[in-house]
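Novice: Pasting the relevant annotations from TrEMBL:
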DOMAIN    7-135  domain '1-deoxy-D-xylulose 5-phosphate reductoisomerase N-terminal'
BINDING   T13, G14, S15, I16, N127, E129, G213  NADPH binding site
BINDING   K128, S154, E155, S184, H207, S220, N225, K226, E229  1-deoxy-D-xylulose 5-phosphate binding site
DOMAIN    149-237  domain '1-deoxy-D-xylulose 5-phosphate reductoisomerase C-terminal'
BINDING   D153, E155, E229  Mn(2+) binding site
DOMAIN    269-384  domain 'DXP reductoisomerase C-terminal'
Amino acid sequence: MSGLQRITVLGATGSIGLSTLDVIARHPERYQVFALSGYSRLSELLALCVRHSPSYAVVPSAEAAQQLRADLRAAGSATEVLVGEAGLCQVAAAPEVDAVMAAIVGAAGLRPTLAAVEAGKKVLLANKEALVMSGALFMQAVRRSGAVLLPIDSEHNAIFQCLPGDFSRGLPQVGVRRILLTASGGPFRQTPQSELAAVTPEQACAHPNWSMGRKISVDSASMMNKGLELIEACWLFDARPAQIEVVVHPQSVIHSLVDYVDGSVLAQLGNPDMRTPIANALAWPERIDSGVAPLDLFAIARLDFQAPDEQRFPCLRLSREAADAGGSAPALLNAANEVAVAAFLERRIRFPEIASMIEHVLDREPVVAVDTLDAVFTADRQARLLAEQWLSRHGR
Ligand code: NAD
Ligand code: MG
C-alpha cells in the first residue's frame, strides 16, 4: 500500500456509510476521511464530522448548509460545507481523493458516482441503482477513465472474490459456467401468498439476517433486490442474464458462488455483516481486519438451498425481463420500484402492489436505446410519471 488513502463517503449517514466509517476508524494509519455526505440526518452528519474531521461535508440545501456551518463552528471543526449534487460531484472527483464509497440510495446517487468513475477513482459501489439505470454508459466510463470498480454488494463482492484476477476476457474464456447469486428470501420467504396483502412496512423492514436501510429492506422483502442484483451482476461481470441463477439460501452465510466448467464451485462465506465486503474493497488486493467475528460453522450447523418462487415474488421475473430487454428497461424498472417502495413505506399501497405498479409502467412505456445520460434520466422521469399516475388512481 502506498501512503495514506483519502476517502470520500457518499451517503455517510446511512447503513453502508456508517459501516464504512467503522472499518476506516480501525485503520487510521491507512485511511483518512476526505468528505462525508448526508441528506436528512444532519445532526448525525455533524457528529460524524466532529469524529472523522473531513475536509468537506455535503448537504442537500443552502439552509442545511447554514445550520451545519454554524454547528461545526461551535464544535471547533474546520470542515467546509458544500451543497447539493454539484457538491457531491466535487468531492467524488476531487484530485486529493483516492477512493469513493458510493453509498447513496437510489437514482440520486447516479451523477456523483459517475463523477467518481469519470475522474478515474477507485470506486466502491454500494449504490446498485446507479449501475442498473445506466449500465452500458457506466461501464464505458469505467473503461475510458481506468477507474477501479469494486463491488460492495455482498453477493457481487463474493463473486468478485471467486473469479480469477483478470476475468475481463469474458466468463467463458476463464472457464465460468454460471454464477450462482444467493438470496436470503427475505422476511416473507414462508409467508402464505394470501397474507402478503396485509404485511406492514415494519414487517418488511425486519430482515431476518441483515440490518439495512429501509429501501433495500423492502427490496429484499419483494426480492426486487435480487432482481436489481441480477442486472448489476450482468454489468459488473459482463454476463448474460441466462448465465446467472438465483439460489435461495436462508442462512445468508454463503454470499454467492461461481460454477466452473471443470465442476469446481467456488463460494465465499462469512457472517452477514457488510463490513467484510467493505474491508475487502477498501484494502483490495490486500486484506485488513473488518471487526467482523470469525465464522462459527458449528453454530451454523447447516446450510439450506431452494429455488426462488417467482409466483410469490413477481419482481424477480420483472427484473429478468428488463435485463433481457436491455436499453431503457432497467432504468424504467428501477424508477418505478423507487416510487412503489416509497408509496408502500407511506402506507399508500399494499405490498403486492409494488409489483403491480412496476408491471404497469413496464407495460406502458416503450423500451428505447439509451446512448446518453439524458436518455437515462428521461426514462427515469417517464417511469416516475406513470407510476405516480397509477398511484393517484389506485393508491390510498
Ligand atoms: P440508507 O437509507 O441507510 O442510507 C442512504 C444514504 O443515502 C444516507 O446517507 C442518506 O442521507 C443518503 N441519501 C438518501 N437520499 C439521498 C438523496 N436524494 N441525495 C443524496 N443523498 C441521499 O441506505 P443503505 O442501506 O446504506 O444503502 C445504500 C446503498 O447501498 C443502496 O443503494 C443499497 O441498495 C446499497 N446496499 C446496501 C446494503 C446494506 O446492507 N445496507 C447492502 C448492499 C447494498
Ligand atoms: Mg446484496
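In case you wondered, yes, glycine gets a Cβ from its N, Cα and C as well.
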Novice: Largest pairwise Cα distance, Å, within the listed 1-deoxy-D-xylulose 5-phosphate binders K128, S154, E155, S184, H207, S220, N225, K226, E229?
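Specialist: Roughly 19 Å, rounded to the nearest whole number.
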Novice: Of T13, G14, N127, D153, E155, H207, listed as binding-site residues, which ones have a Cβ less than 6 Å away from ligand 2?
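Specialist: Close enough to ligand 2 are D153, E155.
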Novice: Suppose you look only at the domain '1-deoxy-D-xylulose 5-phosphate reductoisomerase C-terminal' (149-237); what would the mean pLDDT be?
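Specialist: Across the residues of the domain '1-deoxy-D-xylulose 5-phosphate reductoisomerase C-terminal' (149-237) the model's pLDDT averages 96 on the 0 to 100 scale.
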Novice: Within the chain of N127 (NADPH binding site), which residues six or more apart in sequence place their C-beta under 8 angstroms from its C-beta?
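Specialist: Within the chain, N127 (NADPH binding site) has Cβ neighbours under 8 Å at L10, G11, A102, A103, I104, V105, G106, G109, L110, T113.
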Novice: Tell me which binding-site residues (T13, G14, E229) have a Cβ under 6 A from ligand 1; sequence order is fine.
Specialist: T13, G14
Novice: Would you find the one among the binding-site residues G14, G213 whose Cβ has the most company, meaning other Cβ atoms within 10 Å?
Specialist: G14
Novice: Once the DSSP letters are reduced so that anything not helix or strand counts as coil, what is E129 (NADPH binding site)?
Specialist: helix
Novice: Using Cβ atoms only, which residues of the same chain lie under 8 Å from I16 (NADPH binding site) while being at least 6 residues apart in sequence?
Specialist: M101, A103, A126, I152, G213, M274, I278
Novice: In the domain 'DXP reductoisomerase C-terminal' (269-384), how many residues does DSSP call helix, how many strand, and how many coil?
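Specialist: Helix/strand/coil tally for the domain 'DXP reductoisomerase C-terminal' (269-384): 66 helix, 2 strand, 48 coil.
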Novice: Tally of helix, strand and coil residues over the domain '1-deoxy-D-xylulose 5-phosphate reductoisomerase C-terminal' (149-237) according to DSSP?
Specialist: 46 helix, 11 strand, 32 coil
Novice: Please identify which of K128, H207 has the densest Cβ environment, defined as other Cβ atoms within 10 Å, among these binding-site residues.
Specialist: K128
Novice: Between E229 (1-deoxy-D-xylulose 5-phosphate binding site) and D153 (Mn(2+) binding site), how many Å separate their Cα atoms?
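Specialist: If we compare the Cα positions of E229 (1-deoxy-D-xylulose 5-phosphate binding site) and D153 (Mn(2+) binding site), the gap is 8 Å.
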Novice: If one measures from the C-alpha of G14 (NADPH binding site) to the C-alpha of D153 (Mn(2+) binding site), what distance in angstrom results, rounded to a whole number?
Specialist: 15
Novice: State, in Å as a whole number, the widest CA to CA span among the NADPH-binding residues T13, G14, S15, I16, N127, E129, G213 given in the record.
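Specialist: Site span for NADPH, by Cα atoms: 18 Å.
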